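For reference, the structure discussed in these notes is given below.
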């Protein structure tokens with residue numbers, strides 16, 4: 001079960017989140033914080049697995065909190081939960097190392113899906129955020145280490161895009177009119193070229209290095 005820290009400076013939001021999460025089988029203890037300092041204090045004092053983090057807090061920004069926590073060896077997973085759909089905010093949180101990004105109009109089903117996904121080791125972005133990323137509306141800064149990435153072929157980019165969109169091997173094969181074996185070969189090549197360990201790593205590199213743009 002995941003112990004979750006609910007962070008927001010509006011108690012009504014925390015109460016609403018508690019109502020959505022309490023009683024679910026995969027949810028453990030729910031902690032609360034209403035500021036950046038109290039967030040860091042709870043993380044120091046309790047076994048927090050995941051933080052649902054508001055970006056706009058009275059004393060510290062969500063960006064600063066995320067960056068500070070991600071420097072720790074055993075950092076909790078972090079999902080930004082905010083009203084801000086502005087691409088500047090989303091881009092900044094991605095660069096800070098956030099594991100997921102949801103808007104506050106998110107329903108219970110998607111909230112629980114995001115929690116399961118992030119606790120499973122993957123990243124989760126709401127539909128609106130994913131559409132913006134795939135449309136190339138975001139341009140996360142390319143770290144200098146992008147130089148080590150070998151150039152991807154057109155077909156490899158096509159496979160990567162479909163992997164990011166969560167298509168299975170068979171579905172990718174059908175869409176691209178190639179065999180499942182060829183899809184598997186492309187996936188292995190992508191893992192090698194992007195220095196990724198698994199599919200979650202491929203998705204992270206795709207956004208980190210802005211590889212989905214034509």
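Backbone N, Cα and C atoms are what each Cβ position is placed from, and that goes for glycine too.
Per TrEMBL, the feature domain 'Response regulatory' maps to 3-119.
Positions annotated as domain 'HTH luxR-type' by TrEMBL: 145-210. Taken as a whole, the domain 'HTH luxR-type' (145-210) shows an average pLDDT of 85 in this prediction.
Sequence-distant contacts (6 or more apart, same chain, Cβ under 8 Å) of residue 54 (4-aspartylphosphate) comprise 7, 8, 9, 13, 62, 80, 81, 82. Residues or ranges marked as 4-aspartylphosphate in TrEMBL: 54.
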Field: Residue counts (helix, strand, coil, in that order) that DSSP gives for the domain 'Response regulatory' (3-119)
entry: 52 helix, 28 strand, 37 coil
Counts by DSSP class (helix H/G/I, strand E/B, coil) across the domain 'HTH luxR-type' (145-210): 47 helix, 0 strand, 19 coil
